[in-house]
Amino acid sequence: MASQASQVLASPHPAISSENRPKADFHPGIWGDMFIICPDTDIDAATELQYEELKAQVRKMIMEPVDDSNQKLPFIDAVQRLGVSYHFEKEIEDELENIYRDTNNNDADTDLYTTALRFRLLREHGFDISCDAFNKFKDEAGNFKASLTSDVQGLLELYEASYMRVHGEDILDEAISFTTAQLTLALPTLHHPLSEQVGHALKQSIRRGLPRVEARNFISIYQDLESHNKSLLQFAKIDFNLLQLLHRKELSEICRWWKDLDFTRKLPFARDRVVEGYFWIMGVYFEPQYSLGRKMLTKVIAMASIVDDTYDSYATYDELIPYTNAIERWDIKCMNQLPNYMKISYKALLNVYEEMEQLLANQGRQYRVEYAKKAMIRLVQAYLLEAKWTHQNYKPTFEEFRDNALPTSGYAMLAITAFVGMGEVITPETFKWAASDPKIIKASTIICRFMDDIAEHKFNHRREDDCSAIECYMKQYGVTAQEAYNEFNKHIESSWKDVNEEFLKPTEMPTPVLCRSLNLARVMDVLYREGDGYTHVGKAAKGGITSLLIDPIQI
């Protein structure tokens, strides 16, 4: 059996015929072997000592007593935006708890900047602070006061705070329209570094941005602010570079695994996007303690991409039936019923999950992999239904298409698999909760699915024979493409409100669990706003990979 499989896998293009197959034209991978070589990850003793001393200084400053708790807000905000808050989670939580308790006492005389900053920071940490605090910035007619238009810093904070809104907070819906218009008008008149802050915010809000990308950007802005704290800035720069070294080491290991699989030669119809996949998973969790989870989840997303392309871009429907059956049975013996080229991806898929089980066995956590397998099986079952529609030339209703398209986004699978490589915070109850289609996972899935649908239709990224959610909606409801985009965007915005709502205390699950769905939604906002930035690697992916994985920060 093993020798037979080896002979099959050794063939470069086993039994691949182009007759009656779907056609896809993916551009080749753009990174080559750039990340194969692992950089030196050792740091000298002097830098390590400085790093620990600076960390202690920052911790002390977070906890330092002040007369007015609002004075702490800008420093806590800087710690978060510079990307180092993961070192001080308990200290920040304690300080914000105190600020939340003092909110009513300190609210009367606060300006727009302080009110909005406090609102955003507390909401980011799940405190259910009321948006009524913004009513005092409205005039008798119910509009935001004209005097606010000259307070650019305050407008910027109100703009960012508005992205924390939940359902029913009309004042924040109004605030985002008001601040977007006013900041856009003010932008040409601003000077550095405020101009950079406003310009970037209008393109990417804090709430929906990828934390590492945003940290890299904010470091360059923060160092030019007159009010910057030198110790905090230096600590953030060293921390960024240390994390970059860790991430490069992980990516080097993954790229060697990918190169050994040789899919670019053996399965030339599939996308070569392992670096982009790692960048995606860095967005899900970047912290050092999730190193194992990152490596496992990157391999899973890489295999999911290959499987997706098999269903969507190469295999015939008759081949997909036994392929789906083999994945459902999850048994290497099922390889015998598959075409030779499918054996390659099937064996690799099973190997990835077997490796996960081996890595988790010592911790007694291998049970988690069973949940991940079930999630992958549900994904391919949804892929098969979509392939069946195409094969039968069946045009589903929008509701039929949507109900199957949510699973085919892969986001429920990724959310569940992300839990596998996390620590003690994950229990069997976590997976049972995830399997119940909780609001936050469903919301992040809708964001993924609908942003993908808009991107594919708007930028002509789908093949003519493919079903399209936008086309289904246009045909069923007799609307234009733009009207369909608008409707989909309403669902996306509503889903972001659901995500925000699920973070308000008390929560169903611990924050680290909820953060996986939040971060999955953030990846979509960054990579898919201007098209499918994964398949057709665009500016966001290239820029993010370059800034996070290639260019260190000059210290």
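Residue numbers in this text run from 1 along the chain shown.
Using the three backbone atoms N, Cα and C, a Cβ is placed for every residue, glycine included.
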Any idea which of 1-22, 67-88, 177-198, 353-374 is down as region 'Disordered' in Swiss-Prot? 1-22
Which listed span Swiss-Prot calls motif 'DDXXD motif', if the choices are 223-227, 308-312, 458-462: 308-312
To see if you understand the setup: which same-chain residues, six or more apart in sequence, place their Cβ under 8 Å from that of ASP308 (Mg(2+) 2 binding site)? TYR383, GLY410
Mean pLDDT over the motif 'DDXXD motif' (308-312): what is the value? 96
Between ASP312, ASP452, GLU456, which of the binding-site residues has its C-beta surrounded by the fewest other C-beta atoms within 10 Å? ASP312
How does the motif 'DDXXD motif' (308-312) divide up by DSSP, counting helix, then strand, then coil residues? 5 helix, 0 strand, 0 coil
